[in-house]
Amino acid sequence: MMKRQFEDVTRIVIKIGTSSLVLPTGKINLEKIDQLAFVISSLMNKGKEVILVSSGAMGFGLDILKMEKRPTNLAKQQAVSSVGQVAMMSLYSQIFAHYQTNVSQILLTRDVVVFPESLANVTNAFESLISLGIVPIVNENDAVSVDEMDHATKFGDNDRLSAVVAGITKADLLIMLSDIDGLFDKNPTIYEDAQLRSHVAVITQEIIASAGGAGSKFGTGGMLSKIQSAQMVFENKGQMVLMNGANPRDILRVLEGQPLGTWFKQIEEVRHD
């Protein structure tokens, strides 16, 4: 087994999905958010630079507006996300403050990173915030993003957004928290003998084909989007860990080299024992 080496990792992007922030009841998982804030603050205190890509605006909005289902109308979806984004950032700010960590909000659309001038501006914003010891919290700007063929400004989901942010900021590692343990050789909800892949060095067509499927009730990203994100990370010569977000403290164990989740790193860059 390849040994994971994260001693030289300084800049980390952590992506947390809606399914990790919102309980099956639709209520906000306050305990999970508190644990995440503790872990990120602990990493910051150790000299790490952390960027958080957080889904959840829709889930927060549904909770606040006491709506049981995600609206099908685009304008209503944008309205619910807009309400939820404010609530989510307010909660993040309060909980991170408990650990004496300051946070900021960056809302992105795809066109911001496509055009060189706006890309340079957002890159400078990230660097300035990081230099001030602030944790940038990133989400897609759902209230204004569109997915029209002639002017598509959506990333698709926050799995891909996190890979884009990792590329923009030249992060050493992307940690993707999800409601699954990692990438399996086949669907673990169907096959009892499914095996977790500890390390993926090459994303094959077989892996892509087996990664189909939708996201959670409150989110949009499925396994395919996570594989596509890993491909983007590979293109930027980076590395990614896909792991279960049930216990955010496991992030610390991963950074110690423990083999949790699936580690995506190209084989030519892997050091052997």
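Heads up, the Cβ atoms here are built off N, Cα and C, so glycines get one too.
Among the features that Swiss-Prot reports, ATP binding site is placed at LYS15, SER178, ASP179, THR220, GLY221, GLY222, MET223, LEU224, SER225, LYS226, with the record citing sequence analysis. Neighbours of SER225 (ATP binding site), defined as other CB atoms within 10 A of its CB across all chains, total 21.
Within 10 Å of the Cβ of ASP142 (substrate binding site) there are 21 other Cβ atoms, across all protein chains. Positions annotated as substrate binding site by Swiss-Prot, on the basis of sequence analysis: SER55, ASP142, ASN158.
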Extent of the substrate binding site in Å [max Cα distance among SER55, ASP142, ASN158]: 11
Expressed in Å to no decimal places, the gap between the Cα atoms of ASN158 (substrate binding site) and SER225 (ATP binding site) is 9
DSSP-derived class (H/G/I helix, E/B strand, else coil) of ASN158 (substrate binding site): helix
Over all shown protein chains, what is the count of other CB atoms within 10 A of the CB belonging to MET223 (ATP binding site)? 22
Three-class DSSP assignment, MET223 (ATP binding site), comes back as helix
